[in-house]
Amino acid sequence: MASYRLLSLIALVFVAGGALPRNVRAQAPVADVVTQAFFDGIINQAAANCAGKNFYTRQSFLDAVNSYSDFGRFGTADDSKREIAAFFAHVTHETGHFCYIEEINKDTYCDPNYPNYPCNPNKQYYGRGPLQLTWNYNYGAAGNSIGFDGLNSPESVASDPVLAFKTALWFWITNVRPVISQGFGATIRAINGAVECDGKQPALVQARINYYTDYCTQLSVDPGTNLSC
């Protein structure tokens, strides 16, 4: 009798054609969503002389994802696609379609209010990598988590593409993932809200939104609500 009830319950989750309801459909592997065509559609928009053109690759991204198995595994299948679209929207904006490895306007970015992450006076903690990791406290924390000397060797983020993507995924899981259910606008606030949100830089905010909605369209998923900040 117990087996009969179990089979009956399993049968109830199927709809015509044998498909699961959309909101419970299994998540696809990240590699199946971030196809070579999707990745190339971004990086091919960068100029041929861009440093990032010969640095960032889909394979280096996938190798980094192996260390962050939770990425792209958020909620339903559509939620996962929205997370991936959001991540690449911000990466596109921060790097100019994977053109830049390092920040254009370099500065030291040393905040002495974080004694656990003391700055090396001979190093600068300007933006590097897909999400432009910035500030000594982010380099220090990312280094501790990933396993590299972020405070004394921040430049390694700009010389190792897998490490570069790992720092971006570390920042994402640590700072962005907690608010992603609030909509794309919350992810903008988590990444650069102090500079762009609340009417400070509406054109930059809109640029991020445009990338996001474009990638959602490419991934055949509704972008959801609360897109702005």
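Here the Cβ of each residue, glycine as well, is placed from N, Cα and C on the backbone.
Over in TrEMBL, the protein carries these features:
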{"type": "SIGNAL", "residues": "1-26", "note": "signal peptide"}
{"type": "DOMAIN", "residues": "50-72", "note": "domain 'Glycoside hydrolase family 19 catalytic'"}
{"type": "DISULFID", "residues": "Cys50-Cys99", "note": "disulfide bond"}
{"type": "ACT_SITE", "residues": "Glu94", "note": "active site, proton donor"}
{"type": "DISULFID", "residues": "Cys110-Cys119", "note": "disulfide bond"}
{"type": "DOMAIN", "residues": "163-173", "note": "domain 'Glycoside hydrolase family 19 catalytic'"}
{"type": "DISULFID", "residues": "Cys197-Cys229", "note": "disulfide bond"}
Take the domain 'Glycoside hydrolase family 19 catalytic' (163-173) and average the pLDDT across it for me.
98
Mind checking which residues reach the domain 'Glycoside hydrolase family 19 catalytic' (50-72)? Cβ under 8 Å, same chain, six or more beyond either end.
27, 30-31, 33-34, 36, 39-40, 43, 80, 83-84, 87, 95-96, 98-102, 130, 146, 161-166, 168-170, 172-173, 177
Identify, in sequence order, the residues in the chain of Cys50 (disulfide bond) that are 6 or more apart from it along the sequence and have a CB within less than 8 Å of its CB; answer 'none' if there are none.
Gly96, Phe98, Cys99, Tyr100
Among the recorded positions listed here (Glu94, Cys110, Cys119), which has the Cα closest to the Cα of Cys197 (disulfide bond)?
Glu94
What is the number of residues in the domain 'Glycoside hydrolase family 19 catalytic' (50-72) that are helix, strand and coil, as DSSP sees it?
12 helix, 0 strand, 11 coil
